[in-house]
Amino acid sequence: MKETLFSFLAIDNWTEFWWVMLGLAAQLTFAARFIVQWIASERAGRSYVPVAFWYLSILGGAILLTYAIYRKDAVFILGQSTGLLVYVRNLMLIRRVTRAEAEGRETQG
């Protein structure tokens, strides 16, 4: 059984197995963001990207980046690291707008 599993995953020890499990969990986290976005869009009745989408992107992307670094995969490292910059920047932009809206309400109130 172990040999079949290791062969299927192209690994040869338990350390590698747990790294693959971490990578799969990260990929599932990353993929979950689309389900969150889909549900939010259905509820809004239009295309909508909720803040949770960006947090799931960061969490999944950071774990995938860790996995890529362990695997020493330059393509994967580059893709995940640049993606993380975009996700963080989107949260910064959202926070800026939220803060400006809150300040606007304070001055009106």
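The count begins at 1 with the first shown residue.
Each residue, glycine too, has its Cβ placed from N, Cα and C.
According to TrEMBL, the features are:
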| type | residues | note |
| --- | --- | --- |
| TRANSMEM | 17-36 | transmembrane segment |
| DOMAIN | 22-93 | domain 'Lipid A biosynthesis N-terminal' |
| TRANSMEM | 48-69 | transmembrane segment |
| TRANSMEM | 75-92 | transmembrane segment |
* With DSSP helix as H/G/I and strand as E/B, how many residues of the domain 'Lipid A biosynthesis N-terminal' (22-93) fall in helix, strand and coil? -> 64 helix, 0 strand, 8 coil
* Asked: Restricting to the same chain and to residues at least six past its boundaries, which positions have a Cβ under 8 Å from a Cβ of the transmembrane segment (75-92)?
  -> 51, 54-55, 57-58, 61-62, 64-65, 67-69
* Structure fact -> Taking every residue in the domain 'Lipid A biosynthesis N-terminal' (22-93), the average pLDDT works out to 97
